[in-house]
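Record features, source TrEMBL:
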type: TRANSMEM; residues: 6-23; note: transmembrane segment
type: TRANSMEM; residues: 32-53; note: transmembrane segment
type: TRANSMEM; residues: 59-84; note: transmembrane segment
type: TRANSMEM; residues: 139-159; note: transmembrane segment
type: TRANSMEM; residues: 179-196; note: transmembrane segment
type: TRANSMEM; residues: 202-222; note: transmembrane segment
type: TRANSMEM; residues: 251-272; note: transmembrane segment
type: TRANSMEM; residues: 278-299; note: transmembrane segment
type: TRANSMEM; residues: 311-327; note: transmembrane segment
type: TRANSMEM; residues: 333-349; note: transmembrane segment
type: TRANSMEM; residues: 354-373; note: transmembrane segment
type: TRANSMEM; residues: 385-406; note: transmembrane segment
type: DOMAIN; residues: 616-749; note: domain 'GGDEF'
type: DOMAIN; residues: 758-1012; note: domain 'EAL'
């Protein structure tokens, strides 16, 4: 009895391991489970032999071989659990070595004990099989320790780990595996603790049975997971084939297992039941077993399908004579039935080659039997007649199965064709879906789906994003014509449930999934069959889809898989559309205000121009906020962003009809007034917008006021393309800003002419440096007490060949806009320093040279190093050079500016802050910047008699500068009164037309000559 019990466990272990391995030979868990089952099969085989054999020698041999089973079992078991719990990902190589360390120790101890302790002489045979006279072997003590340690570690790993999947079925499976491991541990514990021996059960091989519960549970769980992964995967047979490649391979696998099962059956009957000699009876079993293993290995090899099939067909055909001749020795009455089984197998494969091989081998085998036994007398006993009936029953069963396979395959082919046609149509439909045609595509999608699924009602709810509304598509099937009230009542119930979940913001919560589950159970209790699933893509719930039937009992697995596939395709489509909308919004809409941006507006204006009739005008208004930079700098950028949002809302409130608004960039906006009837209508709208803009904005309980300058261009008078209209509206806006701000200007020929003029200057300016057209004029600065010249300021001029001498205001803005400023700054610096050095070499008094540094030059990464190198190369003394910076430089980081100015001071250059007092933040930056002088703007001395305010303000600035130990320069002195006033107050340096206008270097040299000759270098009045 025990031998059959162990033999049964051998078959169970081996087949579960082989089956799971065949599902996916690359899966690490499947391979580890097979290794565990192989060791348990070996253990079970030796246990069966120990319970069956009668000679001491055979029992001793089985005992020696048994360690190759139980010696590996617990290391394989621990390896499997490490894979199941995902802990293997963090294990290092030495830790894996520790997992298998007990194996060599067990083998060494076992063979040392067995071979050198005379175990064979102390083996006893009882009614339960072979056992020891005494069981105190060190190897068995060691395996007890290994068992307890490994099993406790496994239980700890299982109970401290959690499954990665959150599905309820996966959690239940995990709990089941933990429970079965505890059960297996408890089953093996009596044997390990010696309870069986105490009860007289001294069987050596009782061990492998205790792991059956856990092994079977792991097998079932992993098989279910594999089948779950294969859901929805449909493979069609190759052309001319009855079965798909997967089914083809699966049948070959079953044939290989049939050989192995035949080997196990033959061995069990011949050895365990009939008690034949093991070596003689095991010949057929071993041959069949090796044949089955060979078929399996060939099946998993990488050779081509054609070569593989030919080899497998040949192996199957060669099996016929071997099995037949073996069978004729045992039962001549049934030897002829062997080829019939193989012929039926050939019919299943529907391959002519295999049928030819088997037919040919059957004929040759029959002729061989004829020659070996030309005459034979067959005696049929009662058992033979019964056996013949059983054989015929098996053959007829196979025939019916073949018939069923053909019919099933035909039905599957038809369904597969419908399935592929439906999925292909759905794929084309969904791939063409966009936001603009989503509703119509969903309607068609539901109509075709209901027809294929044979459903009565279907709907798709798309959950809202941000402040959008939930969208819904639904379709009623044929049942709606027969009983529309049922469909409508169900639709209302489902809509109410979904809307409540959306309003309660229950998405991504357990309540959402529970609500869907409860609703499904509720309607199914009413006899309604329902398929429903959330539309999920990339972890985001996009909506929910459902289909129901009021007459069908249930949809089979094929329909359910198709429903899942189309739902997944719909989810991908909705996700793609959502992403396309996001990309479209990012590309064509301003993220702050939500208005169309420049790219989209250019497309819109082209369309509007195309739609404008001949008797209509199209106006484009370019709007730029006045002093928005002050709002940003004073109140912060976050407040500035909020201001822009509110400003955009206020502008949108003034739009009428088809008027359009766009944020062009920064604080610039564009408005389109299509289909304008007259110029008066356009001007009235512009004036209305200006009146609305000057009204205060309330931000953080603070009133914020601003204005705007607007430029207007009109199609077709000012341009025939969107680019031209924007360009000329922009020019008109700058014209408005330069004439007082908070006003509008309509583009004119004068403005367009100015644009053409500046474009010509821009082209000429690109060659001005290389053609030596730029010149420097110098305006002297005088001492505040002696009125002697102590320095000059270098001022650039452009000696244009046709337009004459141009002031800097006429071309420097163009240079800044076209990127020429850095080149011009470099030329000015070198030219001014060279001129100062030339005056010194001529023997004139050494005076300072002030050079304006623009923000472009100041932000050069290596400006100070380049200047230091130029000074060394030319022998210039930096102490006679002053760098003048304006507060326009402060648009950059204060820390960066401080570092730059400190580097210039380290070279020896002095720093002067020009136009001091013209910006709101001047006072706060005096103590932050490393400067030597401040240059007070002329506006502080223009109105000295105006109730004394100008004088007081000037005195305050002068006192502040002196308190910070800064020298003070006053510019713009144009009258005797102004000169006396600033000298009386103690100004350090004075500059202005009262003393000297900007002049060429030759005139400066004359002044220097007169000063060195002893006369005052000053002009008493501008007229002199």
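Easy rule for this one: first residue shown is 1, then count along the chain.
From the backbone N, Cα and C atoms, a Cβ is placed for every residue, glycine too.
Of the candidate ranges 32-53, 311-327, 354-373, 32-53 contributes the most Cβ pairs within a distance under 8 Å of the transmembrane segment (59-84). Note: the domain 'GGDEF' (616-749) comprises 58 helix, 43 strand, 33 coil (DSSP; helix = H, G, I, strand = E, B). Taking the domain 'GGDEF' (616-749) as a whole, pLDDT averages 85 in the prediction. Sequence-distant residue pairs (6 or more apart) of the transmembrane segment (32-53) and the transmembrane segment (6-23) include at least 3 whose Cβ atoms are under 8 Å, placing the two stretches in contact. The largest share of C-beta pairs under 8 angstroms with the transmembrane segment (139-159) comes from 179-196, of the ranges 6-23, 179-196, 354-373.
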